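Peer 1: Before we start, here is the structure in question, set down as structure tokens.
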Amino acid sequence: MNEQQRKQQSQIRTEQANVDRIKNTSSEDMIAKYFQQEYEPQSPDIKQARKRKREDVQFHYDFSIPEDMEKIGHGKKFLIRTYGCQMNEHDTEVMAGILSEMGYESTTVTEEADIILLNTCAIRENAENKVFGEIGHLKPLKLENPDLIIGVCGCMSQEESVVDRILQKHQHIDLIFGTHNIHRLPHLVKEALFGKEMIVEVWSKEGDIIENLPKARKGKIKAWVNIMYGCDKFCTYCIVPMTRGKERSRRPKDIIQEVRHLVAQGYQEVTLLGQNVNAYGKDFEDIEYGLGDLMNDIHKIDIPRVRFTTSHPRDFDDRLIEVLAQGGNLLDHIHLPVQSGSSEILKKMNRKYTREEYLELVRKIRIAMPNATLTTDIIVGFPNETEEQFEETMTLVEEVGFEAAYTFIYSPREGTPAARKKDDVPEEVKKQRLYRLNELVNKQSAASMKDYAGKKVKVLVEGESKKDPEVLAGYTEKNKLVNFKGPKSSIGKIVEVEITETKTWSLNGVMVENTVEVN
């Protein structure tokens with residue numbers, strides 16, 4: 001028997017021991033053992049979540065890697081696979097920063113990794129299926145290398161049913177943690193390295209705000225800046241309030257300091273992040289300060305581009321519109337999820353606005369910023385959506401003139417009110433509606449792109465095109481993808497490009513000589 005076979009047999013014996021242990025332990029006992037005391041062993045409960053109290057959020061500025069963990073990753077590598085939204089991408093940057101400070105190096109090669117983390121998304125069933133598929137694919141790698149640490153984190157980890165499934169069926173997973181305790185990663189890795197059982201630490205109570213977490217950002221061109229956490233809107237289809245917790249805002253001074261630091265490092269663009277970004281500041285009790293005020297302060301900082309996402313129409317107030325209308329580094333590309341064009345469906349979704357109120361908000365934005373680009377999110381096939389209600393969505397898309405949209409078939413999420421609704425819309429009808437909606441969105445996108453033919457646009461160059469390394473790619477102020485040929489030295493800079501060809505979702509052009517705007 002060679003060394004590899006011995007390792008595999010040892011791993012199999014360990015897994016069998018875990019299986020036997022789990023068989024002799026009830027799911028409730030397992031969950032009670034691994035989850036914090038605040039966690040009640042049950043599926044996400046929106047009624048209980050609504051009753052949560054607004055406790056004082058503590059701010060911490062003293063994060064550091066424990067001395068005994070500072071070099072534990074020396075000579076080892078990590079890989080983080082990220083699923084879902086920009087918030088998850090930002091969380092991945094934080095985890096990568098922590099692991100880097102522990103001595104680990106990043107890799108994109110699965111077989112090279114000593115730690116693999118799956119940063120998961122729970123917003124749709126399809127995203128969860130991808131994660132469980134990946135968990136299965138990693139099992140042979142774990143058998144081959146028993147010292148490999150495999151962890152599952154992110155929003156799926158906040159679901160009791162997901163953790164229970166992993167405990168029962170995927171004993172090759174070493175580590176599970178949630179969205180509220182990322183700062184405890186060094187301690188969790190240590191436990192996984194030296195412990196003999198699967199390490200599970202999921203907090204149901206929202207975490208405090210940890211301000212000085214390290215971040216390993218990709219490049220020095222664009223940066224995510226998280227300004228708040230959580231969501232209190234409780235849309236009936238959405239699990240985010242359960243997986244991300246109540247709304248908690250960072251202090252303005254900490255955000256502004258982070259943006260200034262990014263400017264000093266040479267970043268050209270920041271995107272302010274939040275599950276419901278324009279609810280920023282509503283939880284402050286000592287100051288009256290919202291997203292409009294924050295944007296106004298960042299407007300004064302010498303950074304070329306500032307964006308924000310994702311906003312909720314209900315919180316998009318006149319102050320924010322007034323500030324955005326100043327222009328300058330505040331870009332007039334606004335992502336404003338509508339979800340449906342039917343007031344009846346919007347009410348069932350608990351969006352707290354009507355079709356007419358949404359259109360009035362769009363009118364206000366257009367008056368203040370006539371050239372603003374609007375994009376959106378839309379769900380089709382919400383339980384019992386009629387053909388007439390779907391047509392209302394189609395006419396709203398045309399009336400607003402969205403230049404892009406993220407479109408989805410409704411995906412029921414366990415524990416949400418909408419998931420309990422009886423649905424009489426056939427799956428084939430939902431697919432047809434999605435197809436028709438996408439056809440309309442594609443048509444409107446193509447029409448908006450044609451307006452750029454022959455014009456010159458400012459492009460923040462992000463790197464080589466994914467399709468051709470001889471071509472550079474970047475984005476305009478209105479978030480349009482532009483491909484063009486130019487010197488590699490222009491990467492990370494804002495250049496002027498003349499558009500020579502328009503496509504449905506991208507533009508081609510030629511770089512105008514001597515137009516580098518930012519060094």
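Just so you know, glycine gets a Cβ as well, placed from its N, Cα and C.
Taken from Swiss-Prot, the feature region 'Disordered' covers 1-23. Sequence annotations record features per position, and here Swiss-Prot assigns compositional bias 'Polar residues' to 7-17. Residues or ranges marked as domain 'MTTase N-terminal' by Swiss-Prot on the basis of sequence analysis: 76-194. According to Swiss-Prot, the [4Fe-4S] cluster 1 binding site annotation covers Cys85, Cys121, Cys155. For 217-450, the entry in Swiss-Prot reads domain 'Radical SAM core'. Feature annotation from Swiss-Prot assigns [4Fe-4S] cluster 2 binding site to Cys231, Cys235, Cys238; the stated evidence is sequence analysis. Look at Swiss-Prot and you will find 450-513 tagged as domain 'TRAM'.
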Peer 1: Have a look around Cys121 ([4Fe-4S] cluster 1 binding site) and count the other CB atoms within 10 A of its CB, chains all included.
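Peer 2: The answer is 20.
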Peer 1: Where the distance is taken from Cα to Cα, which of the binding-site residues Cys231, Cys235, Cys238 turns out closest to Cys121 ([4Fe-4S] cluster 1 binding site)?
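Peer 2: Closest by Cα distance to Cys121 ([4Fe-4S] cluster 1 binding site) among the binding-site residues Cys231, Cys235, Cys238: Cys238.
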Peer 1: Between Cys235 ([4Fe-4S] cluster 2 binding site) and Cys85 ([4Fe-4S] cluster 1 binding site), how far is it from one CA atom to the other, in Å?
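Peer 2: One finds 17 Å between the Cα atoms of these residues.
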Peer 1: 10 Å Cβ neighbour count around Cys231 ([4Fe-4S] cluster 2 binding site)?
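Peer 2: Cβ-Cβ neighbours of Cys231 ([4Fe-4S] cluster 2 binding site) within 10 Å number 22.
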Peer 1: Tally of helix, strand and coil residues over the domain 'MTTase N-terminal' (76-194) according to DSSP?
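Peer 2: Across the domain 'MTTase N-terminal' (76-194), the residues distribute as 66 helix, 23 strand, 30 coil.
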Peer 1: What residue among the binding-site residues Cys155, Cys235, Cys238 has the most other CB atoms lying within 10 A of its CB?
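Peer 2: Per the Cβ count within 10 Å, the most buried is Cys155.
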Peer 1: State the Cα to Cα distance, in Å, between Cys231 ([4Fe-4S] cluster 2 binding site) and Cys85 ([4Fe-4S] cluster 1 binding site), rounded to an integer.
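Peer 2: Cα-Cα, rounded: 14 Å.
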Peer 1: Using the recorded [4Fe-4S] cluster 1 site (Cys85, Cys121, Cys155) as reference, state which further residues of the same chain have their Cβ within 8 Å of the centre of those residues' Cβ atoms, listed in sequence order.
Peer 2: Tyr83, Gly84, Met87, Asn88, Thr120, Ala122, Ile123, Ala127, Gly154, Thr243
Peer 1: Could you measure between Cys85 ([4Fe-4S] cluster 1 binding site) and Cys238 ([4Fe-4S] cluster 2 binding site) for me? Cα positions, answer in whole angstrom.
Peer 2: 14
Peer 1: What's the CA to CA span in angstrom from Cys238 ([4Fe-4S] cluster 2 binding site) over to Cys155 ([4Fe-4S] cluster 1 binding site)?
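Peer 2: Cα of Cys238 ([4Fe-4S] cluster 2 binding site) to Cα of Cys155 ([4Fe-4S] cluster 1 binding site) measures 12 Å after rounding.
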